[in-house]
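Copied over from TrEMBL:
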- 113-526: domain 'Major facilitator superfamily (MFS) profile' (DOMAIN)
- 156-173: transmembrane segment (TRANSMEM)
- 180-204: transmembrane segment (TRANSMEM)
- 210-232: transmembrane segment (TRANSMEM)
- 244-261: transmembrane segment (TRANSMEM)
- 267-286: transmembrane segment (TRANSMEM)
- 355-373: transmembrane segment (TRANSMEM)
- 385-409: transmembrane segment (TRANSMEM)
- 416-432: transmembrane segment (TRANSMEM)
- 444-462: transmembrane segment (TRANSMEM)
- 474-495: transmembrane segment (TRANSMEM)
- 501-521: transmembrane segment (TRANSMEM)
Amino acid sequence: MAFGDLLEQVGSTGRFQVLHVTLLCMPILMMASHNLLQNFVASVPPHHCSVHRNLSLSSLSPEQVLLLTVPQDIKNSRPARCLRYAAPQWQLLSENGTYSPKVKRDSSNDTEDLLDAELQGCKDGWEYSMTEMSSTIISEWDLVCDLRSFKQMGQTIYMGGVLVGAVIFGGLSDRFGRRFLLLISNLLMAVGGTCAAFSTSFSVFCLFRFITGMALSGLGLNSFSLIVEWIPTRVRTVVGTGTGYCYTMGQLILAVVAYFIRDWRWLTLAVSVPFYITFLYSWWFLESARWLVLNRKSEQAVKNLKTVARINGRREEGDRINLEMLQDSMKKEMSCSQGSYSVVDLLRTPTMRNITICLSAVWFSTSFAYYGLSMDLQKFGVDIYLIQVIFGAVDIPAKVVVTVSMSIFGRRPSQCAALILSGVTILINILVPNEMQTVRTTLAVLGKGCLAASFNCCYLYSGELYPTIIRQNGMGWVSMMARVGAMVAPMVLLLGEAVPWLPGFIYGVAPILSGVVAIYLPETLGAPLPDTIQDQ
């Protein structure tokens with residue numbers, strides 16, 4: 001009898017699994033809110049230099065004051081964001097107080113040409129037009145002009161936390177258990193998010209966002225492992241897809257919450273408070289019986305299996321399970337789990353080396369292109385709340401398609417197709433003129449949908465490829481590679497200031513290359529979940 005047979009004996013798809021998976025999915029609803037929070041709390045409002053403090057222009061209208069003190073940007077005929085006139089240009093007002101657009105040198109009054117007017121930086125700060133948000137970290141700490149790269153830096157620091165968390169929590173949960181690390185992660189998410197909301201400076205904000213990112217990794221990794229290790233093979237695809245839909249719904253929830261809460265502090269707090277609730281009910285979760293057996297805690301594993309049987313209404317079947325039966329079912333796995341395992345074991349055998357290298361490429365490029373598209377919504381020229389809803393909603397059909405594809409054609413072809421299609425769509429978008437905003441937005445949405453499908457596939461695929469004894473190490477490693485991609489993605493956006501088409505080209509080529517690499521992964525459709533390295 002294998003462990004899967006014991007799970008069937010106590011009920012593999014009963015009330016326990018339904019309640020267990022549902023409660024584990026609840027915090028996943030809010031994970032997207034933190035990953036994509038930057039789109040709202042760091043949205044850049046229209047801005048221009050403040051008026052000279054030593055001038056009294058109370059007799060003029062705001063439009064006239066702006067005309068006298070701030071030059072027009074030649075590219076978009078809007079007030080320049082980072083420059084102002086060193087002195088008011090009174091000649092721009094005609095006798096009736098209206099704008100005189102072209103002021104040439106005049107021999108009678110020796111008026112200076114407007115183009116020769118002396119300019120200076122925004123020495124007295126900036127004025128912001130808060131139409132989308134009532135306040136953001138950009139307007140609060142003036143992260144514009146010379147400090148505009150700080151916006152991307154903030155997201156990179158957050159993703160750095162997610163990366164560090166993947167390394168730390170992936171290894172620790174294999175040693176101390178999924179449940180304990182899940183509790184710690186929920187508490188850190190709640191406390192870190194709350195402290196970020198009350199930050200007094202940008203550096204303090206980044207520090208607590210880093211901590212929140214670490215906690216998010218632990219939350220995702222341990223939730224996924226607890227879900228997979230308590231359900232049978234036949235329902236892994238459906239449950240994995242359902243978990244992915246929770247993240248999708250989280251994107252829609254973020255758009256709704258941000259629409260009604262326009263202050264960045266209250267918005268950050270609103271998406272953090274729910275984790276206090278998930279921390280409290282996470283004490284109810286049962287530790288993975290697979291993990292308990294492989295870590296010489298078979299007595300507790302028997303108790304957990306009997307608890308599952310009781311909840312599923314199979315008390316008699318559960319009472320028949322004893323320590324000897326459990327150890328017999330896991331004899332092979334226990335004999336192979338002597339000693340400790342580390343990240344090195346992910347490369348120890350040729351098969352594991354191939355799996356790890358290929359999955360690293362898949363996770364890196366998927367995350368890299370996904371966040372490259374998702375973290376700069378303002379460039380589409382559409383209301384950011386609407387585009388967030390569209391970007392979230394496209395995941396629904398994308399994940400339906402990839403779920404059907406994974407069940408019929410297999411994991412490998414589905415993974416390859418999703419990556420290659422997303423890359424091709426992004427590359428085509430480079431050729432579309434900027435004036436065709438609808439076409440560009442549509443292509444971006446299609447590309448993002450393919451990347452969401454790729455994420456949905458690789459989460460399930462990776463969990464099926466890595467054996468139980470090193471699954472958390474493996475998931476921690478590939479998650480780390482994904483976070484490296486997510487860290488690099490915002491920085492690539494800065495290249496667009498020099499070469500506008502370069503970010504799109506990089507975002508498109510990366511998934512195509514990894515789609516080709518994924519061809520070398522083994523297929524797992526219908527295969528039992530491996531427990532040891534020898535099972536692969």
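The first residue you see is number 1, and the count goes up from there.
Glycine residues also receive a Cβ, built from the backbone N, Cα and C atoms like all the rest.
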Cβ-based contact of the transmembrane segment (180-204) with the transmembrane segment (267-286), 3 or more pairs under 8 Å: yes
Candidates 244-261, 355-373, 416-432, 444-462; stretch with most C-beta pairs under 8 Å toward the transmembrane segment (501-521): 416-432
Listed stretch, out of 156-173, 244-261, 355-373, 385-409, 444-462, that has the most CB pairs under 8 angstroms to the transmembrane segment (416-432): 444-462
Segment-segment contact (the transmembrane segment (444-462); the transmembrane segment (244-261)) at 3 or more Cβ pairs under 8 Å: yes
Long-range environment of the transmembrane segment (244-261) - Cβ separation under 8 angstroms, sequence gap at least 6: 25-26, 28-33, 36-37, 40, 267, 270-271, 385, 388-389, 391-393, 395-396, 399, 452, 455-456, 459
Region pair the transmembrane segment (474-495) / the transmembrane segment (210-232), three or more CB pairs under 8 Å: yes
Same-chain residue ranges lying at least 6 outside the transmembrane segment (267-286) that approach it to Cβ under 8 Å: 20, 23-24, 26-27, 30, 33-34, 37, 40-41, 179, 182-183, 186-187, 189-190, 192-194, 196-197, 212, 226, 230, 254, 257-258, 261, 304, 307-308
Positions on the same chain near the transmembrane segment (156-173), where near means CB under 8 A and six or more residues out: 34, 38, 180-181, 185, 206, 209-218, 221-222, 225, 342-343, 371, 472-473, 475-477, 479-480, 482-484, 486-487, 490-491
Integer mean pLDDT for the domain 'Major facilitator superfamily (MFS) profile' (113-526): 85
